[in-house]
Amino acid sequence: MTIERAFIDTNLFLRYLTNDLPEKADCVEDLLQRAALGEIILVTTSLVIAEIVWTLTSFYGLSREQIRDRVLAILNTPGLEIAEFDLLIEAATNYAAKNVDFIDAYNAAWMVQQQISTAYTFDRKHFSRFENITVKTLGER
């Protein structure tokens, strides 16, 4: 018997993490329990994680540490498959620890993974917080 694989979208995670709609949060919890029991394999993407971070920041006003903890909980959900797992763990950790935007933390983690140590950007402030990245801005000598 083949186990069903299904995509899980941002809004389900948000209902579960915030419990702002308890009835829907309970339904999501049931789905996550099914995944943990191996009845279904849930799959999501790094863009879903980025959207979760953005929504928890902009709409719910959670702190970086609260968001990091929630993202790490999602990433470690039994029965959830996500490409770039290690990269997202690093991004979530650096998002809180280095006080940078999540996308910058993701890109910095990706650069390290790809063995790229130089970034051309006008966003010197965030990228300079990564010791292993040399920041270059166009127009500089």
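Placement of Cβ uses the backbone N, Cα and C atoms for every residue, glycine included.
Over in TrEMBL, the protein carries these features:
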BINDING   Asp9, Asp104  Mg(2+) binding site
DOMAIN    7-130  domain 'PIN'
TRANSMEM  40-62  transmembrane segment
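Of the listed binding-site residues Asp9, Asp104, the Cβ environment within 10 Å is emptiest of other Cβ atoms at Asp9. Remote same-chain residues near the transmembrane segment (40-62) are listed as 3-10, 13-14, 17-18, 31-32, 34, 70-71, 74-75, 77, 79-84, 87-88, 92, 95, 102-103, 106 (criterion: CB distance under 8 Å, separation of at least six residues from the stretch ends). For the recorded site, Asp104 (Mg(2+) binding site), the DSSP three-state label reads helix.
For the domain 'PIN' (7-130), the DSSP counts in helix, strand and coil order read 78 helix, 12 strand, 34 coil.
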